[in-house]
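J.: This is the structure I want to talk about, given as structure tokens.
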Amino acid sequence: MASLTIRKLDDTVKTYLRLRSARNHRSVEEEVRVILRELIEGREEPLTPFSAPPEASPAPAPQRSSAVPEASVTLIIGGGIAAYKSLDLIRRLKERRIEVRCVLTKAAEQFVTPLSVSALSHERVYNDLFDPQSEFDAGHIRLARDCDLIVVAPATADLMAKMANGHADDLASAILLATSRKILLAPAMNPLMWSNAATRRNVAQLQRDGVLLIGPNSGEMAEAGEAGMGRMSEAIEIANAAEKLLRPPVPRPLAGKRVLITAGPTHEPIDPVRYIANRSSGKQGFAIAAAAQAAGAEVVLVSGPVDLDDPAGVTVKHVESARQMLDQVQAALPADIAIFAAAVADWRVAVEGEQKLKKTSAGMPPLQLVENPDILATISKLTDKRPPLVIGFAAETEHLIDNAKSKLARKGCDWIVANDVSPSSGVMGGDRNTVHLISKNAADNGEITVDSWPVMTKEQVATELVAHIVKSVTDKSLEPAS
Ligand SMILES: Cc1cc2nc3c(=O)[nH]c(=O)nc-3n(C[C@H](O)[C@H](O)[C@H](O)COP(=O)(O)O)c2cc1C
């Protein structure tokens, strides 16, 4: 009978097998046998994603955005009194959507049981370097590398001494020597052990080696009457530190800035059932709102009728007509940056029919048009509440740059994003855009500069525009010249 070499399988299958076998408390080999048996009997378990939580999860994790990436930690529990806090740490990590695989030292088993640890982590526990069931394919290397971070809590004086000197005579120290992942230690020991010259040397060496430490804290010891430096950090502190390493905070260069954006078309009513509209989809304005929000800004998006979901974390005001849009824009002031990406109808009918207009023998209804308010010019020319940076969009079908330059001067805004919306460009309603950023900056003595960007997706245009805004608000020399 031919044997199967796990190493020759591709990585996705290997990872699936490892996680499934760990979840079912079986060796990978046994798991393969089970899968084959189930396949033959026609009742195989569906190939669930690796990150799917186990069905028997006792405590559902708090709701978090599905955008939060999955991460995994190998948690090494050393033999100290504080090991009991690591049971809580497992839960704290899991509620942050961090997978936890636990390794216990022999000494740790004197303080917490493998059963408690596996029940909380929903995984089998690893505790033996020479375990034939997990070592037939070098399981300790897997534990060292199939994770994003290694946390040692409690990190005993003994474990730190071993690490500092490169020992690998048990599973925990072998993993710590074989990893290229970041290591976070949560030391816990008696204050005299912590202040001992040997521990000091070992800690200094580990820090030189790039190992990270959280704590210890100062406080009461388990030993009666003893207090001082050596208490392990609380589980929540360790979980927060691990999460910060796994998901470093994203830069928020527009934090504290209020950005006002308009998007989409407007609908100008003719009568209760008919309206004048245009082909704007709102995609570009919505993409800018999402990009500004991701950069940390407080975003208000005033949108005409569109078929798009509201961007997460953005305050959206839905309107129909140009006049409603202007009202909502004015209500949203003051703002630091205003971006007018909406395709606002230039005209509306002078007298809106109160009832549906009827076909009559008298001929066509006279539809007289009147001008709509010019939102961009109105806000650009405000004296008191004018946002420091006002950006307009110019949708042109001919003489794009020249028309956009004269729009910049006419409207009194600071920048114009000009785009060709002739039908052949596919911009209106499409997913891509080719734009030219026309700006009047203090750095250029008020000279008008034209920056032509290559064809991009509307999301890329949004990201690029937000990057320019960030530069402008952080670099004073790029301030608009008004
Ligand atoms: C009751 C008791 C409590 C202990 N607490 C600690 C401790 O908090 N920190 C520590 O470094 N060692 C502590 N030790 C000593 C360790 O258990 C011992 O050094 C052991 O070899 C550590 O093994 P490990 O590093 O492989 O887990 C304690 C020992 C006993 C008996």
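Note that the numbers count up from 1, one per residue, in the order the chain is shown.
Every residue, even glycine, has its Cβ placed from backbone N, Cα and C.
Copied straight from TrEMBL:
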- 1-258: region 'Phosphopantothenoylcysteine decarboxylase' (REGION)
- 46-66: region 'Disordered' (REGION)
- 73-235: domain 'Flavoprotein' (DOMAIN)
- 254-471: domain 'DNA/pantothenate metabolism flavoprotein C-terminal' (DOMAIN)
- 259-482: region 'Phosphopantothenate--cysteine ligase' (REGION)
- Asp346, Lys356, Pro373, Asp374, Ile375, Leu376, Phe393, Lys407, Lys411: CTP binding site (BINDING)
J.: Return the residues near Ile375 (CTP binding site), defined as same-chain residues 6+ apart in sequence whose C-beta is under 8 angstroms from its C-beta, sorted by sequence, else 'none'.
T.: Thr262, Ala322, Met325, Leu326, Val329, Phe340, Ala342, Val344
J.: State the three-class DSSP label for Pro373 (CTP binding site), counting H, G and I as helix, E and B as strand, and everything else as coil.
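T.: Looking at the DSSP assignment, Pro373 (CTP binding site) belongs to neither helix nor strand, so coil.
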J.: When you look at Asp346, Lys356, Pro373, Asp374, Ile375, Leu376, Phe393, Lys407, Lys411, which the record names as binding CTP, what is the longest CA to CA distance in angstrom?
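T.: Site span for CTP, by Cα atoms: 37 Å.
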J.: Let me know the DSSP-derived helix, strand or coil state of Asp346 (CTP binding site), please.
T.: coil
J.: Under 8 Å Cβ-Cβ from Lys411 (CTP binding site), six or more apart in the same chain: what's there?
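T.: When sequence neighbours closer than 6 are ignored, Lys411 (CTP binding site) has Asp374, Leu376, Ala377, Ser380, Gly392 within Cβ distance under 8 Å.
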J.: Report, as a single number, how many Cβ atoms besides its own are within 10 Å of the Cβ of Phe393 (CTP binding site).
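T.: The answer is 27 other Cβ atoms.
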J.: Could you give the mean pLDDT over the region 'Phosphopantothenoylcysteine decarboxylase' (1-258), rounded to a whole number?
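T.: Averaged over the region 'Phosphopantothenoylcysteine decarboxylase' (1-258), the predicted model reaches a pLDDT of 84.
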